[in-house]
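Asker: Got these off TrEMBL a minute ago, pasting:
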COMPBIAS  A:774-787  compositional bias 'Polar residues'
COMPBIAS  A:790-800  compositional bias 'Basic and acidic residues'
COMPBIAS  A:801-819  compositional bias 'Polar residues'
DOMAIN    A:127-224  domain 'Fibronectin type-III'
DOMAIN    A:225-324  domain 'Fibronectin type-III'
DOMAIN    A:329-427  domain 'Fibronectin type-III'
DOMAIN    A:520-614  domain 'Fibronectin type-III'
REGION    A:716-759  region 'Disordered'
REGION    A:774-823  region 'Disordered'
SIGNAL    A:1-21  signal peptide
TRANSMEM  A:622-642  transmembrane segment
Amino acid sequence: WNWATYGLYLLLNICSLKVSGGLVQSCGYIIPESPVLALGSNFTALCILNESCLDFGNIYANQIIWKVKNRVVPKEQYREINRTVSSVTFNVTSSLAPFLTCNILADGQIEQNIYGITVTVGLPPEKPKNLSCIVHQVPELTYPMTCTWDPGRPTFLDTQYRLKYRWPQENFPDCIPEEVNNSCTIRDAQFFVNLEVWVEAANALGKAESDPLVLDPIEIVKPLPPHNLSVNSGILPTVLKLSWENRISAAVMKLKFNIRYRIVGDTSWMQVPPEDTASPRTSFSIQGLRPYTEYVFSIRCMKEDGVGYWSDWSEEQTGVTSEDKPSKGPSIWRIIDASCSPASWTVRLMWKALEPFEANGVILEYEVTIRAKSSIPTPPEKYSVNTTNLTLKLPNGTYEVTVIAHNRAGASPPSVLLIPASNSKAPVKSVRTLPKDGKLWVGWTAPNSYVLKYVIEWCLVSNSSDCVIEWQNEPGNVQGTYLKGDIKPFKCYLITVYPLYADGQGSGQSVKAYLQQDRPSKGPTVQTKKVGKAEAVLTWNHLTVDEQNGFIRSYTILYKTIDGNETAVTVDPSKTEYTLSSLTSDTLYTVRMMAYTDEGGRSGPDFTFTTQKFGKGEIEAIVVPVCLAFLLIVLLGVLFCFNKRDLIKKHIWPIVPDPSKSNIAQWSPQVPAKHNFSSKDQMYPEGSFTDVSVVEIEADDKKSFSEQDLKPFDLLKKEKSTSEGHSSGIGGSSCMSSPRQSVSDSDEGETTQNTSSTVQYSTVVLNGYRDQTPVQVFSRSESTQPLLDSEERSEDHTGRGDSTTQRQQYFKQNGGQDETNADRSCFERTKPADEGHLVGFTQLQIPGRSSQPLGLGLEENTQEAALSDTSAASTEGQTVRSEIVDKNPQSVDEMPKSYLPQTVRQGGYMPQ
Amino acid sequence: MAAADSPSAALRHRDLCSRGIRLAGKMRLDVINLLDTYVERQGLDASASVAAVEGVPVAAVERWDEQTGTQRLLENLVAYRAFRALLAQMLEEQREQLGEADTTLGRALAAVLLQVSAFTYHLEELLRLESRGPPGEEGAEPPPPPPVSLFERKLRGLRVLRELAQWALRSTRDLRQLAKASPGSGSVPSPPNSP
């Protein structure tokens, strides 16, 4: 069965493709072939089968299947007309696919295409509407006529539009649009004959014509604008003659014109009244122009009767009117400086250059005339000035100043300014300002008298520049005006209004104003003037005018502690000082200050300060009573001591037996009553010793001391610990001469032993407290033994310098020559001191330890030689100290431990 | 005259006269411009004599002011019909001679030809208003055969244009005379360049 079906399929194909006369012959066909269908219409197609195919394959019309773009048409739309013809009916819509095929179902199973057609769907053209035409004149002096119309809805088909036109007696070839369907241009329209114009639209579905338009093309002309414009100055400075050439002959069309003009730089045009140019012409004189002003002209034209279209505006042409006399005199004002001399003024006359519409030409010069208005007639002074100011020195008085501007055409009317001796007339009142529309308006209340005019003077107030005065005149009947100048925002202006009278001038009334305010550019820098316990006085400087940017309405002081809330205080803007009160003592505060204008404020830098711990007078209140109390106590003490002086004296200053009254004193005729260096020197003049021998005496029996001698010793022993120099042993107790007492005094057992073992005597050496120079030296002995030697030796201890000197003299006397030479080299280092005038030898440097003052009170003139020797001896003594220790160690211990530089009268400090 | 029979006819007559005068003026202007172009393109001397050329209507006439309106219209109509034939012949010759290359001259000739046709229409309409109707063209004298010589053709063309310019001027006068005779002649435009 399959093979049979396949064979039938091949048969149909063969039948369909059967070649007849070289062409493929189908088994059927569809009519109509390639139909063009109107949307919304019904369409019926027929598929007709060939008889040959019927015989060949048993194919009949009832087997036909219609398809639209491979989609089967419902059977309801089919109709079998006979056994070879089948029809199908559609309602034509825009969705109708372009392909319709007739197919056959062979043996009910195999579908075979018999034929197919292409369907085109569209609309017939609508009647063109709104036909209109215009004739453009073109530079070739032909007159193409362009007609436009509304073609109506789209037809979806190829539609031909034709512009048809004809004369009554003659037809013309159609105008066929190119690439458009709504306009066409006839190359050269002919005038003065009515032309009938209409549009015909046609496509496969129909044809439509517009309503005819009958017109004479001359009535729809848009001519070319006139050309070759030229402007000539007329005789009058207010007239310019404009000439042009028309590009359409008057024989063809008479024209009327529009002329417009404007001043160069302006944007708005003025127009010559149309009725003045409603007739054919090639020139026109424009009047009422400003002298010496450059104008731009342009012109257009159209048919004289107004039928048709205006041409475009012509190219622009400029022309300048000739000069005329200045129409008014310049505005004049003055600045008077009376500071130079009390008897004369420096008058700076200023006038404003005339505006171009006032100058009417180029101002060549200004003629200034000054007349003194005095009882004695004086000839006027005349000046010719090229600038707009003139500075004169005039005696005090009343003057009339006249300024006349000159140009090539003539002179202006004079401008007169009266400069009175004093501004004694009534001033204006209530000068006020108001920013408005980006300009600064100044208003005032007029005085009661008739004012000729007002002068408004203003200048920018700045720290960085001088006040450069600008000014303007206003008529006497106004009470307010805008400042005519470059008024900048955030700048302070000082504005002054002067009323000028016919016979004088009123004093100026000033006001400061800002066009626009802003916050200050910085805040005030605050600092403290005085800080107390609970208050602080703050000071600041006013902001400069340049920093203010507006009127300072208030200051605000903001202060706070480190961890506290900020407190604000508002201060009047006129103040520069403020006292903060109720502050916490001994607290760090941070303070800053803000300056406010109407637009806001700005803060200055922070400043910190600390309040004081005590208030004013608190310290005094504490210290003064304490001091008074102390003084009172001291006074009471002194009084007490005074009253009890005998008792006190007894306790602290016991009665010491006078050695001079001792038996030995009576025995020794040469005992000095008082130790004195000079006396000692006299006693032991230098070089009086030839040799010194030490007598050693063994104290073998302590019991030789009496009990009475020991008592005072016990008492004084207690005081030993406080001061070595205050030895109470001086008191003459016999125990003072004991070897033990010597140990206690010197803390040098060995030395004490040497001394005590030598002789029974007491040596009291006052070294002074803590290396201080001893005030007084006592040497006393209560011994009943002869003390010639010991007395001498005690003299060695009374003055340390002397004793040292004595001792060194002793060593010098015993020393070899070599040591002396060695000392000389050492001594040479002290030569500067030696060369100078020394009051006395001051000190010696002991290697390895501190030196101490050695010499005191040597007379310059008498001791100079001795000084040299002493110095040398001292130096020598230090260098041979180890040798001395064995012989006289006490002298070493008596050397002060501090180094005290000494005053040198001349030669300065002596290096050691 | 029949033109005065009805207001609409009078208005029509006046309108035809007015527009005829303007058309004649423009035609004269265009012909004069065309003459310059023609002489230049044809290589002729502007002062060349064309008196010997025949078959071109001559504008000059004796006792012009004694002519009636109808007579003026008829003479004009005859002349312009002749010019129409002559210009059509010139245009054809010009196309044969220069092809489509010289479109300026061809366009100008065509424009003048159209104006001649338009003026002819004006004359015919005026004659209709005269209740005469325009004479048929069947009886008109056919234009003479074109000259064989190219130079003669050029000369004849020059003569045609010159005479047409003269006829345009005469037609302007004729129509102004015609307009004056009509009842509504007050607003007939006067030509800017009266001959």
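Placed from the backbone N, Cα and C atoms, the Cβ positions cover glycine too.
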Asker: Give residue numbers and ranges for long-range contacts of the transmembrane segment (A:622-642): same chain, 6 or more residues beyond its ends, CB-CB under 8 A.
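Answerer: Apart from its flanks, the transmembrane segment (A:622-642) reaches 648.
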Asker: What mean pLDDT score does the domain 'Fibronectin type-III' (A:127-224) have in the model?
Answerer: 91
Asker: Take the domain 'Fibronectin type-III' (A:127-224) and count its residues per DSSP category (helix H/G/I, strand E/B, coil), listing them in that order.
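Answerer: Across the domain 'Fibronectin type-III' (A:127-224), DSSP assigns the residues as follows: 4 helix, 47 strand, 47 coil.
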Asker: Tally the residues of the domain 'Fibronectin type-III' (A:329-427) by DSSP class, grouping H, G and I as helix, E and B as strand, and everything else as coil.
Answerer: 4 helix, 55 strand, 40 coil
